[in-house]
Structures are given as C-alpha cells and as structure tokens.
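First the structure, in the form of structure tokens, and then the observations on it.
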Amino acid sequence: MLYLIKLLIPLLLLTTFIPNTTQTQLTVAPTADVTTQKCDDSFGLQRNVLERRFSTKTPYRAIANYNDTSPIYNGCHPTRIWSIIRHGTRNPSKSVILHAKTRLVELQSLILQQIKPPAHLCADDLKQLRRWNWDHIEPDDEKLLVAEGEDELIELAERMQLRFPKLLPDLYNPEWYYMKYTATQRTLKSAQSFATGLFGRHRIHAITYPQPLKRDPVLRFYKLCSRWKTDVDKNPETMFNARSFYAEPAMQSAVEQVRSSTQLSDELTDEDVQLMYTVCAFETAWQRHKSPSVWCRFFDVHSLSALEFAEDLEYYWNDGYGYDLTHRIACPAIADMFATTDTPGYRANATFYFTHSGTLLKMLAHLGVARDERPLTHKDFGKDRLWRTSEIDAFATNLAFVRYDCIEKEPQVLVMHQERVVRLPGCPQDDDLCPLSTLRRNYADSVERCDFEALCQAAN
Ligand SMILES: *[C@@H]1O[C@H](CO)[C@@H](O)[C@H](O)[C@H]1NC(C)=O
Ligand SMILES: *[C@@H]1O[C@H](CO)[C@@H](O)[C@H](O)[C@H]1NC(C)=O
C-alpha cells in the first residue's frame, strides 16, 4: 500500500499547483490572445507517458519497483549480495548545456515572437516558456549528480534494505560492506547517497572506499579496451542504424510534428528536435514535484516514441548486442561477481559498485537480458522489442546477484534487474532461483576464458 501513496503524492502536488499558476498567469500574460487556452489536464502528455520514454535519461522513479516485501524461498536464506548500480539523474554533457544556452534560446524567442503562438500552448505553457532559461547551469557543471539523483539512490537503498534486512544491516562495518565508485563526482555522490539510505545521513563519514579509478578494470572495463574504442565506439558504422532512422518516414513525421507544433517549419532541423527532446528529458527528470519541462509540450506520443527509438538504436549498436566484442569485454565484471558470490570469506557479504550506463548495458547484453531474436535496425520502429533503454538503462539502473544458502539444495542465486527478478537464459524458467553451479556453467566460456588483454588489443 505504501508504494501507492508514494506515487500519489507527486500527483496531488501537481494538481494543486496548476490552478494557482494559471490564475496569476491570466492577469499578466502579455501575448495571451483569444486563442490562448486555459491549462487543464487534457493538454500535452501526462507525466507517466512522458517519463518512461527518455531512454537513458529516464528518471528511476518511472520504472522503480515500489514493492519492498522480502522475497521468501523456503529452506533458503540470503547470505551475500553483489550489485552494480548506475549513477542517478545528473546534469547533461557540456555540449548539450552549450546548445541549450544558445540554440534553444533562439528557438524560444522565435516561438515567443510569433503573433499567434501555437494554439496548443495554454497560458501557463507560454509563461513557462517565457521564463525558461539555463542561467543556473554552466558548462563546467556537466554531468554532476543532481538532487533527484541523490534521492533515487537513497530510496533504492532503503527498499533493498527492507527486502534483505539481515543481509544489509543498518550499522556500517567494513568487513561486511565493500563499496566502490569510479573517479567521477556522479558515482561518488551516488555511493554516498546509497550509504545514506542504508546507514543514515550522520553515519556515512565512517565509510572507507577503495581508491577510485577513471579506468577501473571491473567497474568501467571498456575504458581499458582500445580495440572496442576503435572498432565500435569511434567507428562511424556504429551509428549507421541510428542515423538511417532519421531518413525513415516515422522519424520524418516526428520532425514534421514538432515543426508544426512550434510553427517553425523552415527553421527547425533534425538536431533542433533532438535538442528539444534531450532538454525535455533532463528538465523533467530533475523535478518530480513540478510539471514536466515546457519543451515536452511540442511532442506527441508518436514523435516522442520515434526519438526514443533512435536512442535505443544508438545504444544497441554502441553498448549492447550490436557487436560481439562489446558484450564479451564485460567478462571481468561477471568474473568479479562469481568470485564474490562463490568464494566463502572473499571480501565482504555485500558488494556495491557505482558506475555508468556503458557498464550496465554491456553486462546486460553479456548476460542475455532484453535480447531480441534479431538485431535491431532502423527498419524496426513500431515492432515489439525487448531492447528498451528507458526500461533497462534509466538513471540509477541496477543489477543484483543475491546468493542464497539452502538446507536441502545447493547454493542458489537470485538475479534482480531494476529490483525485479529476472530468470536468465539457461536457468530454470519456472523458478526465481538459479543454482549457482548452473549459472557458473552458463557463463564458463566467457568467465574462464576472459582474456581481456587479447580481446582488446588493437587490430593494427
Ligand atoms: C511483492 O513482492 C513479494 C516478494 O517478491 C511477492 O511475493 C508479492 O507477490 C509482491 N506483491 C505484489 C502486489 O506484487
Ligand atoms: C556472510 O558471508 C559468509 C560467507 O563468506 C557466510 O558464511 C555468512 O553466513 C554470511 N553472513 C550472513 C549473516 O549471511
């Protein structure tokens, strides 16, 4: 029940806010003319429709599992956990910040200068658009974790602790907990926020973390793989499908829809539409209690889904199933999971790693999660697909392996992605638990023959 209440609070706040702002607005709006409409819920997309289509900029709250009941498996109890977690909601990259401060400001004035503003914008939208600026954010703030990101990690830790209270005691002990982050502010802050959720705000200073690395061989293996960098990450071919999708009818009509909703038919480029989508995503993700970003007002559900699909294509080919090398190089992280899960006394009972999207996606593909039968191409928009980055790679995306020791069975592993049980390929499909030995056998090839050096040696 509690999770229902948690979901309702933001909705209640929203509905109480809107009438107020509308009222004050109507008396001051200088450009409001006869076509300007009053705001009500029938305009624009609802928060829950918007928020789950932001690809890797999806806020975790849109996909979290608020059921924090402990899973119970008779005769078995959890003894170890190994979990890898993407940092929470952050600022955009430098390039997006700069473009928002220049090009988006231009588009803003072009829209506001129109004698008749777009009819679908209500008075409150126009006020929001008039007030909109990014003066509060500088290029040097790029990728910093924001307040929403802290809350995501705090709340995730609280739910994990409720599910596994014995495994995650609320008193910190370095023998019990091993926590590591990469050498970035966003994963450091994510680790501290997660620790806050487990131990409380005043007890996180005692935590000892190992030396953070920019290129951690387990947390960020791909940064050490020069062959992946040249063959995949920096290879123009990788972007072929995402790029080709822009010429497809679905994307062309998405761009047309935004051209028409902004009334900027001549000016608006594909890149402008992408920029509007990105800013719509970030601004909406940042604020759970405010109404969504005004930039989202120019998209309908079809155009939003097309932009989401373009992102899915990019990540599929850059960090997912697209090329074998990409997911094969996740073997050091999988090997670390097995070492921790299967070696009594090795390190700690609870391991938490705070890292990046690139790591989580490659691990998911290594494990066989969200694998479609055929490679995803620019021709596949509108078909069913499992590869949905909004669902599998939101901010604070998490993957956990929980070891269970059992009275009458060999050790088992519960695998969770986004706090939900996943049954991996090769594991029993009628049971949440997978025997540790089965799991080991399934990934033996990749783990025992994980010759990272040989895989990653540049081809030339
Ligand atoms: C909540 O999670 C528990 C443990 O996984 C499960 O047994 C229960 O069915 C779930 N409840 C709902 C309403 O889904
Ligand atoms: C912690 O891990 C060890 C194995 O290394 C296990 O024997 C022990 O039972 C675990 N503690 C708890 C309370 O689960």
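Using N, Cα and C of the backbone, Cβ positions are placed for all residues, glycine too.
All TrEMBL annotations are machine predictions without curation.
Which of Cys406, Cys427, Cys434, Cys450 pairs with Cys76 is settled by TrEMBL: its disulfide partner is Cys406. In this structure, the C-alpha atom of Cys406 (disulfide bond) lies 50 angstrom from that of Cys296 (disulfide bond). Put simply, of the disulfide-bonded residues Cys76, Cys280, Cys296, the one whose Cα is nearest the Cα of Cys427 (disulfide bond) is Cys76. Among the disulfide-bonded residues Cys280, Cys406, Cys427, no residue has its Cβ under 6 Å from any atom of ligand 2. Classification of Cys434 (disulfide bond) by DSSP places it within a strand. Every protein chain shown contributes to the tally, and the Cβ of Cys434 (disulfide bond) ends up with 22 other Cβ atoms within 10 Å.
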